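Enquirer: After the structure tokens below, expect a handful of questions from me.
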């Protein structure tokens, strides 16, 4: 039996987006962690800095064929979403048919690695392609109603004894100092899931983080078209790279009847207000791709969020570190400090896998944590 199974550990998590909530749930499912989540923004909030509610989330992996680590994260997430689509209506996950369209077929195209994971994968015939599209693939995938899924995660955390509180935490040190229990005892583990906030979070100051503004349009189609529209999701790439470059157009239905249309990728743009010209351009591109579904769509609202992009990719790590509450005068605190942030626009597609990975790294630190604490207590007695 490992140390992590012999005792319970107290955990403070910063951030209540899909990464923070997924990490909290992954810990609580192991039953030997007491978990508290702190965040400026909580599910049901709408703010440009709170990216997760704005997501038009459907599962489509962008991992390179050789990137086995990313494939593992995406696979774990896909499998969980499939389970939820089969068993849990409250989660807001549903099956639908995915389409990837390329205006210009990528040179030396290789079938994506997830061909072996999804069902019904095939290349589209010329007759099935929209005007101006040279190549396409289709497969069965899932979409996630992002706001509903966040509330589902929140409910699951609370049902397992976790807590979620609104708080603005300025530093890792502050996160470690928040009393975790009524007796005033502090956390054994702190986890930073603050997304773009990691750029300015004291103790992190990760300047590899930068915002990528995304504008979406949420629409409804006539009721007569909804049965067909709810089964259709797509991404259309204006240029021919395997991941798509230039303009990307996408359609992602939610199980409540809304359909998310996108989009934009504007690095370092913090502008909060939706642009009417951009809204019209997005709708025009979508209608040109699928006029039978969207020619008579009704615009409900246009929304803007900031994707938490990171040069070098996602940061998932855990180390044993020592804080000093009194600026060098003793009473030091040894904790596991973990990070799970920097997911750009792909937070949902890898959320479950990333949460499992950071928990795995945390558990790999627990023996060192206990040894270091024991050594620290011994030194304090000398």
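Even glycines carry a Cβ here, placed using N, Cα and C.
Okay, these came from TrEMBL:
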- 11-360: domain 'FAD dependent oxidoreductase' (DOMAIN)
- 51, 52, 169: FAD binding site (BINDING)
- 250, 307, 345: D-dopa binding site (BINDING)
Enquirer: Show which residues of the chain containing residue 52 (FAD binding site), separated from it by at least 6 in sequence, have their CB under 8 Å from its CB.
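Expert: Correct list: 17, 18, 146, 150, 347, 348.
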Enquirer: Near residue 250 (D-dopa binding site), which residues of its own chain have a C-beta under 8 A away, given they sit six or more steps off in sequence?
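Expert: Sequence-distant Cβ neighbours: 56, 233, 234, 235, 236, 260, 261, 262, 263.
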Enquirer: Could you round the CA separation between residue 345 (D-dopa binding site) and residue 169 (FAD binding site) to a whole angstrom and send it over?
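Expert: Computed Cα spacing between residue 345 (D-dopa binding site) and residue 169 (FAD binding site) is 24 Å.
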Enquirer: I'd like the number of other C-beta atoms within 10 A of the C-beta of residue 307 (D-dopa binding site), please.
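Expert: Excluding its own Cβ, residue 307 (D-dopa binding site) sees 23 Cβ atoms within 10 Å.
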Enquirer: Could you measure between residue 51 (FAD binding site) and residue 307 (D-dopa binding site) for me? Cα positions, answer in whole angstrom.
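Expert: For residue 51 (FAD binding site) versus residue 307 (D-dopa binding site), the Cα atoms are 6 Å apart.
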Enquirer: What whole-number Å value do you get for the CA-CA distance of residue 307 (D-dopa binding site) and residue 169 (FAD binding site)?
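Expert: A Cα-Cα distance of 20 Å.
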